[in-house]
Amino acid sequence: MATGGYRTSSGLGGSTTDFLEEWKAKREKMRAKQNPPGPAPPGGGSSDAAGKPPAGALGTPAAAAANELNNNLPGGAPAAPAVPGPGGVNCAVGSAMLTRAAPGPRRSEDEPPAASASAAPPPQRDEEEPDGVPEKGKSSGPSARKGKGQIEKRKLREKRRSTGVVNIPAAECLDEYEDDEAGQKERKREDAITQQNTIQNEAVNLLDPGSSYLLQEPPRTVSGRYKSTTSVSEEDVSSRYSRTDRSGFPRYNRDANVSGTLVSSSTLEKKIEDLEKEVVRERQENLRLVRLMQDKEEMIGKLKEEIDLLNRDLDDIEDENEQLKQENKTLLKVVGQLTR
């Protein structure tokens, strides 16, 4: 601690004087920073007046400090007595130091002017406070409010950013989480409804009312033949719609069951139609083959008849040949007899 200057003979008086001088030096430095330096006072060194008072004028700044400390006291606290000289400075400052822990709000109109001419305060003295008081209440001024507003703006700007980690309050997080859950439930319900509607539409489209003219077998044989396919399709349908049943939509369970039965019946009817079409094709093929067989048999019969006709002709020709041979023999005999 830079004490510099006049020291009293007693240790307590010296410490209080050093404290006052240091406090006044700090105050003057703060004023010099805030206000431009004015013209130097006549008849004295400006550096000594700014840093510490002269030894002869010790009583006057001490009295001014005591008055200023009395003005800083709250309304119910007793004021420090006036200080006539250096001897009384210790008592006044000691009582002021005891009551300085809880200073009240300082008003500009209650502050008296300074007593000494060498340490005359600038015109903005009523707007300033001692060094110890603003350190405690630093966050209650306009600059603090401005800083708080900037911090709030910065927080709002961080909320608007798309990247980075932003500290969101817990209440907002819970509300957003509940909103997300409600939205997901609504989306699940809508998806289930749309899926059921599409399945019903597909089942209606698959049902062909004009397929009744096809050859139909009795229901017992159909059920017995396609029992395995019905069980497999029912298992597929139950596994497909088990999620819908487990998801907690009892309103749509009936629709899901109806759609499942429609899907199973549609698949069965489609398989039956395919099989009936195959049977019709096979029967048509059989008819074609039978017709071919009949045609071939007819051709074979015709050929047999022709063969019989040819055999008869051959017999007739052989008979004629025998007759011609006999006639030739007779002619040869006649010619031989004539030539003799």
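Think of each number as a place in line: the chain as shown, counted from 1.
Each residue, glycine too, has its Cβ placed from N, Cα and C.
What Swiss-Prot says about this one:
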| type | residues | note |
| --- | --- | --- |
| COMPBIAS | 1-18 | compositional bias 'Polar residues' |
| COMPBIAS | 47-82 | compositional bias 'Low complexity' |
| COMPBIAS | 182-192 | compositional bias 'Basic and acidic residues' |
| COMPBIAS | 193-203 | compositional bias 'Polar residues' |
| COMPBIAS | 242-253 | compositional bias 'Basic and acidic residues' |
| MOD_RES | S108 | phosphoserine |
| MOD_RES | T163 | phosphothreonine |
| MOD_RES | S231 | phosphoserine |
| REGION | 1-253 | region 'Disordered' |
| REGION | 145-203 | region 'Selective for apoptosis induction in cancer cells (SAC)' |
| REGION | 300-340 | region 'Leucine-zipper' |
| MOTIF | 68-72 | motif 'B30.2/SPRY domain-binding motif' |
| MOTIF | 145-161 | motif 'Nuclear localization signal' |
(message) Looking only at the motif 'Nuclear localization signal' (145-161), what is the model's average confidence as pLDDT?
(response) 59
(message) Please count the residues of the compositional bias 'Basic and acidic residues' (182-192) that DSSP assigns to helix (H, G, I), strand (E, B) and coil.
(response) 11 helix, 0 strand, 0 coil
